[in-house]
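So the structure is just underneath, and the comments pick up after that.
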Amino acid sequence: MSTIIVPAEVPPVSDDVEQLRKAFEGWGTNEGLIIEILAHRNAEQRKLIRQTYAQTYNEDLLNALEKELTRDFERIVLLWTYDPPERDAFLANEIVKNGAKTHQVIVEIACTRSSHELLLARKEYHARYQKSLEEDVANYTTDDVRKLLWALVTSYRYEGEEVDMSLAKSEAKLIYDKIKENLYDYDDFIRILGTRSKAQINATLNHYKDEFGQEICKNLKADPNDEFLKILRATIKALTVPAKYFERVLRLAINKQGTDEDALTRVVATRAEFDMKAIKEEYKKRNSVSLNEAIAKDTRGDYEDMLLALAGSDDA
């Protein structure tokens, strides 16, 4: 459900590279030309553009873009130009390097990517930073948060749709009993979230709701300010209803108090080639305006143009 529009006939990669070089030359940068090319090429095409640019001009395209662009427009173009595993590695490292208190990015990478995509991100992290993602997550977190995030980033889940209903029922009961005792950090709860397939987790939590009368996340709000419970709720939503999870991230990013450009940029850049269409449908349903309308109202200039190009038309 990609929202980017790739032309039916893409020019030769050498032409794209030459045009990008021209965009950097002269008195000013031609931002429109950069958007016209990069926002309308898929991951494989962008990778080839980068390789060809480096071979032709002996410079990484990312470095050239960094020198020419600024602020939010620079960030979204750079994130978009990365290979997806490289982008995930970069985003994760940014969090652990800055000692950020928010763990949302780690949850997103661990829970909304496939097992193979997560493995590629971990390999890329290892190659780029000479450390493992698991090691850095363990180092920058503590206590229950560490237990949960480490379980998530080290996971390699079964990706099929088969579920064991008797297991779903028994694990739903197990989770319910522990939540009743306020044992949210119960090891088996973390094990279930960190190892079971997404289909199995959905079956377990659907049975939880049917059997005990309430969605699990509503039972995990005992203390709205508890950081571990926040991460636990985010984990469950990211694993089971990713489009709704990302809709909420966007809704909180585009609000009356001001725009969180970092979150808006991250979601659009990471989901445009995957499930942005479903996210946009959820956004329209929840907010009565389209995501494109919200972006156009809250952003300006080249940054707005790049966001809208990646988000695709409302008719797509």
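Including glycine, each Cβ sits where the backbone N, Cα and C put it.
In TrEMBL, annotation is done automatically, which means it is predicted and not curated.
What TrEMBL lists as Ca(2+) 1 binding site is F24, G26, G28, E68, I254, K256, G258, A296, T299, E304. According to TrEMBL, the Ca(2+) 3 binding site annotation covers D298.
Here the features listed in TrEMBL are placed on the structure.
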residue : record                : Cβ within 10 Å
F24     : Ca(2+) 1 binding site : 18
G28     : Ca(2+) 1 binding site : 9
I254    : Ca(2+) 1 binding site : 22
G258    : Ca(2+) 1 binding site : 9
D298    : Ca(2+) 3 binding site : 18
T299    : Ca(2+) 1 binding site : 21
How many Å lie between the Cα of I254 (Ca(2+) 1 binding site) and the Cα of D298 (Ca(2+) 3 binding site)? 7
Between D298 (Ca(2+) 3 binding site) and G258 (Ca(2+) 1 binding site), how far is it from one CA atom to the other, in Å? 8
